[in-house]
Amino acid sequence: MAARLLTQLRHHFTTANRHHFLSPQLLRPISSAGLFFRRSSDVAQPLPKDLTTSEETLPPTLSKPKISFNGAKDSVKSSLNEGELAKFSAIAETWWDAKGPFKPLHALNPTRLAFIRSTLCHHFRKDPNCARPFEGLKFVDVGCGGGILSEPLARMGATVTGVDAVDKNIKIARLHAESDPATSSIEYLCTTAEKLVEEQRQFDAVLALEVIEHVADPAEFCKSLAALTVPNGATMISTINRTMRAYATAIVAAEYVLHWLPKGTHEWSKFLTPEELVLILKRTSVTVQEMAGFVYNPLSGKWLLSDDIGVNFIAYGTKSSEE
Ligand SMILES: C[S@@+](CC[C@H](N)C(=O)[O-])C[C@H]1O[C@@H](n2cnc3c(N)ncnc32)[C@H](O)[C@@H]1O
């Protein structure tokens, strides 16, 4: 196993250096502002000097996809990465098995919901102590999977639309939601953020948790998320930081040692640093207002909210008042 890990490690770092899509110039404004760095050991891995954003230098997963959703010719860039979607399709039946491959998401759910509840109640001036604070608000959960996040959001009163590119996920999500009147009104659609933009849908809050590291083009994906957010609305994204510590914990430990996730679930080179995410969102007129880290406590088996954004982190942003 040690040899396999070494090969993996070498592969990840060489592909990361060849394949990253953001140029160092793009990062300067954010990193020089000193924003969001928490620990010197977690300083994001530097990007190679020779990177450009031209199509020729992009790896297949970051360049424009040749195939489009459901075989149709798309007029907009697709966020779909077929390889990533196949991974989720293969384990779709296990979404609601709290001890299965989605165990980490089930364990993380109460912690991320605490952050979402607190920031969005503040944002929409709602009482966080009320049972259904999101009553009257429209939320979209992009990359909803089996509905682990959509369901509690609906229970908190939001009118929820859950979308996922994998049909099997949507079928599982619908089936599960139907069993409870509090969640049966969730609108589940097998589609993408960019398709919803084409349909001119908009939502008070747009959430994409643990999805951006699986899409074909994160910048285009964020553009769609921003377009789906109403002016003055909220955008929420969670993902994994591109640090050495994230490689050690989110890939080596979670996939190879603890077997929490199927091997190959994550590619280190596709992770974004908080600074990159802030910059990408800023270009879509979404300003990140707050970030938090999720830290796993192996003794309690629980995730905690933390200011350590070195591995798992969540960002809450607001869309400017002008379209
Ligand atoms: C790690 S799961 C996260 C699920 C859910 N957001 C959560 O945190 O509980 C990633 C999900 O994103 C979906 N996905 C990946 N790329 C997508 C895309 N371009 N558009 C819509 N869904 C996508 C996958 O099918 C999968 O269900």
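Even glycines carry a Cβ here, placed using N, Cα and C.
Keep in mind it's a predicted model, so treat the numbers as computed, not measured.
TrEMBL lists Arg112, Gly143, Asp164, Leu209 with the feature S-adenosyl-L-methionine binding site. Using a 10 Å radius centred on the Cβ of Gly143 (S-adenosyl-L-methionine binding site) and all shown protein chains, the other Cβ atoms total 24.
Per TrEMBL, the feature Mg(2+) binding site maps to Glu210, Glu213, His214. Around Glu213 (Mg(2+) binding site), the same-chain residues at least 6 positions away in sequence with a Cβ under 8 Å from its Cβ are Thr239, Ile240, His266, Glu267, Lys270, Phe271, Leu272. The DSSP secondary structure for Glu213 (Mg(2+) binding site) is helix.
Here TrEMBL flags 140-236 as domain 'Methyltransferase type 11'.
Residues Gly143, Leu209, Glu210, His214, taken from the binding-site residues Arg112, Gly143, Leu209, Glu210, Glu213, His214, are distinguished by a CB atom under 6 angstroms from ligand 1. As a whole-number mean, the pLDDT of the domain 'Methyltransferase type 11' (140-236) in this prediction is 98. Within 8 A of the CB centroid of the Mg(2+) site residues Glu210, Glu213, His214, the other residues of that chain are Glu84, Gly143, Val211, Ile212, Val215, Thr239, Ile240, His266, Lys270. Taking only the Cα positions, the spacing between Glu210 (Mg(2+) binding site) and Arg112 (S-adenosyl-L-methionine binding site) is 11 angstrom. Using DSSP to sort the residues of the domain 'Methyltransferase type 11' (140-236) gives these counts of helix, strand and coil: 38 helix, 28 strand, 31 coil.
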